[in-house]
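Asker: My structure is below; once you've seen it, I'll send some questions.
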Amino acid sequence: MWNKHRLAFILVGLLFHLFYLRSIFDIYFVSPLVHGMRQFKSNEEPPAKRLFLIVGDGLRADTSFDKVKHPVTGKTEFLAPYLRSLVEHNATYGISHTRMPTESRPGHVAMIAGFYEDVSAVTKGWKENPVDFDSVFNQSTHTYSFGSPDILPMFKSGASDPTKVDAWMYGHEFEDFTQSSIELDAYVFRHMDALFRNATVDSKLRHEMMQDGNVFFLHLLGCDTAGHSYRPYSAEYYDNVKYIDSQLERLVPKVREFFGDDDTAFVFTADHGMSAFGSHGDGHPNNTRTPLVAWGAGLNRPVLNDVPVYDNYTENWDLAHVRRNDVNQADIASLMSYLIGLNYPTNSVGELPLAYVNGTERTKLNALYKNALSILEQYLVKETEMIQSQLVYKEYPKFAQKSHSSYIQEIEHLIDRIANGEEDLEPEAIALSEELMKTALEGLQYLTTYNWRFIRSIVTLGFIGWITYSFTIFLRLFILEKQYAMKTSPQNLASFGALTAALNYVLYYQRSPFNYYMYLLFPLFFWSQILTNSTILHDGIREMFKGVSMLQRIGICALIVSIYEGIVYGYFDRWIFTIIFNLLALYPFFCGIKDAKTNMFWGANSMALSIFTLFDAVKIESLTQINVSGLLLVASGLYALWRVSKKINSHTKIVILLQILLLAMMLAVTNKSVTSLQQRAGLPTDAKIAGWVILTLSLSLMPLLHYLKPSNDYQVRVLVIYLTFAPTFLILTISFESFFYLLFTNYLMLWIEIESKIKAQNIAKNSQNWLQLLRISIIGFFLLQFAFFGTGNVASISSFSLDSVYRLMPVFDPFPMGALLILKIMIPYILLSTALGIMNLKLNIKDYTVSSLILSTSDVLSLNFFYLLRTEGSWLDIGVTISNYCLAILSSLFMIVLELFSHFLLKNVRDNGMDIAASKQQKRH
């Protein structure tokens, strides 16, 4: 029953969790991006007139230079002989080290804008989403870009003058994972050739193309597409690399012929690599190491090593005699700016890689100094903003010891002395410029985190206040019988009023955003209410733990905290869930269940489920596992139908048989799709259509047919729900997930029966045991986490395999593909929702008791993850901590959603002749 107290409680909880969900992005992940900086030109006498940037999307560094055995021809060869010849004779080469996430948008932003998008960019997509900061394209005279519609628009739309960036893009339908990826790259080279041809008959176009400072950007998506579809060790991936190399060999002389000079600079690199599983996104070296080969005007020729340099990673490259010059990905933007004399992008944090520059030491020094001034300017603008918004400002300690003006004076003094002939001072000036850049970047981070301590303290008090306040409300609504009329004392009002005014003034002076005021409002409200309702808290705890000694209370609390902390660690190491499951295998015995058969089945199921969190979260497609699990799903459906056949009418029996038939048909369709895709024959049209038809029928028509003549038995309803989602789960299975689906459903049914037996024992003893409610809530919350982590983790989603998705959607489209992934993730939650609803029915638990108790305790997880958030390290690690926090803070709210959804799923369901409506009348009010 909903009353005003419950509604107020839910509303406050909803607002609190939504605002505090946002808090991490306002605290930890505020963008260091600043605007209004002066611009610094990299080079007054640029060595190149134009620049070609060629990006092999998804190209690994080792594949570019390794001698590999072709899986089809059996021939051992270098895949890119032309690039190798450049490395050995004409170019400077190295590895470009990317940051995480190793995705297309952040990779291109880093190399073209010189800026690593802050972690708040994880909330952004990449399609049609313009970059909101300066870039090499923005500074260029004109940019001609060719390639993917996922990359080109964000730089064209984000340019200060979109007309200066031209884009030739293929349609999204070209990105078909089952077709030849070479066609994507062929489109780029064809249109580059067409541009040259058109310029021979269009004088205006030719004039524009002949201008100094132009950039030609060739985005080659083929390797990424082939890697996703067939893995980076496939013939398709290797052939795509060979195709790119052959086209580069044709392109370079065409460029020389068209422009009639050798004043073109070429930069070849990649945005990210590719894992052995055909995915990217995380911090694995195969994803973060990309090739960088730069040749042409203004660029050094190769430097030979006096002594060959060998290491395990490059031993098959046969390039030990050539010096390798590694860079950070953002450094490429500074290099490109220097080559054609552009202003450094105003938000760039890249450092000019001097090893690539062919110029005098004085030229290099001046360019590097301007690079340092460009980065320092970002710090100075940010510092000015900070000084104007702080009651007391403390300067960055390193600049307090040695001011930025002192750095500038020293460097300029050294430059003057070098100009007067003291060239031996050049290394010192370069080192000082690099030190200034490093200190300015550290100072920028210091300013970004300046107010952390204050606002984190507020959020911490908010979480602790919510846990205490919500538990008090739970006790009042569900445990205590009598009504309390509590009023806030004048002293309470006065003290909290004064504190509110003082803290809000601090926020106002700091020009804090609106959200900060809300972060402050919640702890002030919670702690005021806690002091007012302290009597309820005291009486409620005494009632809930009636008959339980103080030592036992401490033990129960310690156990609950241990389980929650175990769940926290399980977010990072899934094997913790294995331990918890094996401990849960013993709980029926300790709760007094003497039935050996029940204990044996429960223990066996617990241990079987515990194995899943030991499997690798990143799965490899296995048709054998899909077939075995699919047959078990069909067999389990037939067995369950036999068990309930005496309870159901002929209509229900026919519909269930149809559901089982659809499941068997989906298994056949999945087999055909997987086999065809593995044989590189594409996705058969009939299999694609059949997959969508079966999925639609199982999720829509079958439930409607049941609704015409519904069975109200809870076991039948569970079977119907189980078979409704089984075909969808099966076609989206990569390997072992359908085993999980079967065992998880069985586990939930066993849990219901065990708790029903424990309830019967309590009734026989004529005792009201609130500890059963506490136990159900804790186990239910654990299963809520396991429903997600049983088949994967956050990292496996961030770089999820497309194997299952392109059985239904062979053409790349991230949003529908993401929707299918979310549907697969949600299905175990629907099963859990059903189980909790039946538990409420069988145990006569008042509606929303379980979810309210979880809501009041589960933010122990949220508080943990708030302090476990990372802002440094790999983007995978950072992204995982963000996702963990979001999962934790939303999971308690999700329990309410599950309980609400269970009312819909279990409408009119009966247990032993008693329907929900009748059951509710017997519940305590």
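Glycine too: its Cβ is placed from the backbone N, Cα and C atoms.
Pulled these features from Swiss-Prot for this protein:
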CARBOHYD  Asn90  N-linked glycosylation site
CARBOHYD  Asn138  N-linked glycosylation site
CARBOHYD  Asn198  N-linked glycosylation site
CARBOHYD  Asn286  N-linked glycosylation site
CARBOHYD  Asn312  N-linked glycosylation site
CARBOHYD  Asn358  N-linked glycosylation site
TOPO_DOM  1-6  topological domain 'Cytoplasmic'
TOPO_DOM  28-457  topological domain 'Lumenal'
TOPO_DOM  479-492  topological domain 'Cytoplasmic'
TOPO_DOM  511-516  topological domain 'Lumenal'
TOPO_DOM  538-547  topological domain 'Cytoplasmic'
TOPO_DOM  569-574  topological domain 'Lumenal'
TOPO_DOM  596-599  topological domain 'Cytoplasmic'
TOPO_DOM  643-653  topological domain 'Cytoplasmic'
TOPO_DOM  675-687  topological domain 'Lumenal'
TOPO_DOM  709-719  topological domain 'Cytoplasmic'
TOPO_DOM  741-775  topological domain 'Lumenal'
TOPO_DOM  797-818  topological domain 'Cytoplasmic'
TOPO_DOM  840-848  topological domain 'Lumenal'
TOPO_DOM  870-885  topological domain 'Cytoplasmic'
TOPO_DOM  907-925  topological domain 'Lumenal'
TRANSMEM  7-27  transmembrane segment
TRANSMEM  458-478  transmembrane segment
TRANSMEM  517-537  transmembrane segment
TRANSMEM  548-568  transmembrane segment
TRANSMEM  575-595  transmembrane segment
TRANSMEM  600-620  transmembrane segment
TRANSMEM  654-674  transmembrane segment
TRANSMEM  688-708  transmembrane segment
TRANSMEM  720-740  transmembrane segment
TRANSMEM  776-796  transmembrane segment
TRANSMEM  819-839  transmembrane segment
TRANSMEM  849-869  transmembrane segment
Asker: Looking only at C-alpha atoms, tell me how far Asn90 (N-linked glycosylation site) is from Asn312 (N-linked glycosylation site), rounded to the nearest Å.
Answerer: 25
Asker: Around the C-beta of Asn198 (N-linked glycosylation site), how many further C-beta atoms are within 10 angstroms, looking at every protein chain?
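Answerer: Summing over all protein chains shown, Asn198 (N-linked glycosylation site) has 13 other Cβ atoms within 10 Å.
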Asker: If we check Cα distances from Asn312 (N-linked glycosylation site), which of the glycosylation sites Asn138, Asn198, Asn286, Asn358 wins as closest?
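Answerer: Smallest Cα separation from Asn312 (N-linked glycosylation site) among Asn138, Asn198, Asn286, Asn358: Asn286.
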Asker: Please report the DSSP secondary structure of Asn312 (N-linked glycosylation site), reduced to three states.
Answerer: coil
Asker: Could you state the whole-number distance in Å separating the C-alpha atoms of Asn358 (N-linked glycosylation site) and Asn138 (N-linked glycosylation site)?
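Answerer: Computed Cα spacing between Asn358 (N-linked glycosylation site) and Asn138 (N-linked glycosylation site) is 25 Å.
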Asker: To the nearest Å, how far is the Cα of Asn286 (N-linked glycosylation site) from the Cα of Asn198 (N-linked glycosylation site)?
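Answerer: If we compare the Cα positions of Asn286 (N-linked glycosylation site) and Asn198 (N-linked glycosylation site), the gap is 40 Å.
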Asker: Just to be sure I understand the packing, how many Cβ atoms besides its own are within 10 Å of the Cβ of Asn286 (N-linked glycosylation site)?
Answerer: 19
Asker: Under 8 Å, at least three CB pairs between the transmembrane segment (720-740) and the transmembrane segment (849-869) (pairs 6 or more apart)?
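Answerer: Per Cβ check, the transmembrane segment (720-740) does not touch the transmembrane segment (849-869).
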Asker: Rounded to a whole number, how many Å is the Cα of Asn198 (N-linked glycosylation site) away from the Cα of Asn138 (N-linked glycosylation site)?
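Answerer: Per the Cα atoms, Asn198 (N-linked glycosylation site) and Asn138 (N-linked glycosylation site) stand 24 Å apart.
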Asker: Across all the protein chains here, work out how many other Cβ atoms are within 10 Å of the Cβ of Asn90 (N-linked glycosylation site).
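Answerer: Cβ-Cβ neighbours of Asn90 (N-linked glycosylation site) within 10 Å number 16.
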Asker: Using DSSP with the three-state reduction, classify Asn198 (N-linked glycosylation site) as helix, strand or coil.
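Answerer: Helix, per DSSP.
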Asker: Return the residue, from the listed glycosylation sites Asn312, Asn358, with the maximum count of other C-beta atoms within 10 angstroms of its C-beta.
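Answerer: The largest 10 Å Cβ neighbour count belongs to Asn358.
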Asker: Between the transmembrane segment (458-478) and the transmembrane segment (548-568), are there three or more C-beta pairs closer than 8 Å, counting only pairs 6 or more apart along the chain?
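Answerer: These two segments do not touch.
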Asker: Kindly assign Asn286 (N-linked glycosylation site) to one of the three DSSP-derived states: helix, strand or coil.
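Answerer: Helix, per DSSP.
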Asker: For the transmembrane segment (849-869), find every same-chain residue at least 6 residues outside the stretch whose CB is under 8 Å from a CB in it, and list them.
Answerer: 6, 9, 13, 20, 23-24, 28, 456, 459-460, 463-464, 466-467, 470-471, 473-474, 477-478, 560-561, 564-565, 567-568, 571, 773-774, 776-777, 780-781, 836, 839-840, 881-882, 884-885, 888-889, 891-893, 895-896, 898-899
